[in-house]
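Each remark here refers to the structure printed beneath this line.
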Amino acid sequence: LAKHPEIKALMKPDYNLIWVVVLMVLAQLTAFYLVKDLDWKWVIFWAYVFGSCISHSMTLAIHEISHNSAFGNSKAMWNRWFGIFANLPLGLPYSISFKRYHMDHHRYLGGDGIDVDIPTNFEGWFFCTRFRKFIWIVLQPFFYAIRPLCINPKPITRLEVINLLAQLSFDVVIYYLWGVKSTFYMLAGSVLGLGLHPISGHFIAEHYMFLKGHETYSYYGPLNLLTFNVGYHNEHHDFPNIPGKSLPLVKKIAAEYYDNLPQYNSWIKVLYDFVMDDTISPYSRMKRQLKGEVKQD
């Protein structure tokens with residue numbers, strides 16, 4: 001910032017995010033209706049080919065909303081309510097809890113017992129062969145769901161209860177209106193999209209140390225178009241209050257700080273290398289023992 005104070009001008013809400021999220025919700029509602037009478041093979045096909053992409057993209061829209069990118073920091077609660085709305089087509093309550101834990105990830109990156117993005121000791125010990133690492137990738141949604149309960153359980157808040165009740169009500173309405181195939185499409189798309197899927201490469205690309213000494217990596221490939229530029233991950237951790245839309249400008253303005261860092265151009269290759277490289281495992285993360293006062297959401 002001292003060298004490039006113009007970056008401060010990028011620290012503002014991205015109001016286009018609101019309309020993008022609304023259109024994504026409408027797209028999924030349309031898909032729920034269209035799959036209700038299809039054969040099961042086509043329900044499964046479209047859940048993976050289309051629903052999974054929208055669902056994973058929506059989790060990254062929720063990531064943006066967790067940083068108050070939709071309405072700005074001055075309207076934090078508007079962002080929380082909007083996150084609950086964006087959560088609806090995923091089928092599983094996610095938004096409010098994600099925000100609480102994700103802020104810890106930024107404040108205490110790699111903090112032992114705090115950052116639940118760090119795999120558990122069991123994950124590192126058990127998923128150590130190529131086949132087991134492949135299974136670990138498939139089961140990533142499961143581990144992301146249960147890991148907070150194992151590493152850093154937090155008291156349930158009123159907003160989390162509202163998120164849960166809103167989600168259950170939405171799911172019941174979808175089942176009542178369009179039946180089991182639409183409900184399956186919704187839930188399967190979320191699970192498949194966060195598991196063995198090209199976009200899921202970002203889970204591993206962001207912080208797994210393929211090169212020792214480098215714990216955060218950026219990805220500059222085309223899938224950023226579907227993921228609100230989450231691939232610009234060094235830039236995001238440097239400036240978490242800048243919306244994803246503007247992160248390419250951060251890289252352009254401060255190119256001397258980013259161009260020479262290790263980076264990726266393929267999330268599919270990241271997944272392949274993670275499975276096939278015997279020196280990489282869920283243990284390949286920087287882990288820190290935190291000192292001093294720790295403040296959590």
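Cβ from N, Cα, C; glycine included.
The annotation transmembrane segment is assigned in TrEMBL to 17-35 (among others). If one looks beyond the transmembrane segment (17-35) by at least 6 residues along the same chain, the residues whose Cβ comes under 8 Å of a Cβ in the stretch are 42-43, 46-47, 50-51, 54-55, 57-58, 61, 64-65, 69-71, 82, 85-86, 88-89, 174, 178, 181-182, 185-186, 228, 243, 245.
Sequence annotations record features per position, and here TrEMBL assigns domain 'Fatty acid desaturase' to 41-263.
Here TrEMBL flags 42-61 (among others) as transmembrane segment.
Among the features that TrEMBL reports, transmembrane segment is placed at 81-98 (among others). Here the transmembrane segment (81-98) has long-range neighbours at 18, 21, 24-25, 28-29, 32, 54-55, 58-59, 61-63, 65-66, 70-71, 148, 157, 159-160, 162-164, 166-168, 170-171, 183, 186-187, 190, meaning same-chain residues at least 6 beyond its ends whose C-beta is under 8 angstroms from one of its own.
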Chain residues in Cβ proximity to the transmembrane segment (42-61) (below 8 Å; excluding those fewer than six residues from its ends, i.e. six or more beyond): 17, 20-21, 24-25, 27-28, 31, 35, 86-87, 89-90, 94, 98, 181, 184-186, 188-190, 192-194, 197, 199-200, 226-228, 230, 244
Average pLDDT across the domain 'Fatty acid desaturase' (41-263), rounded to a whole number: 96
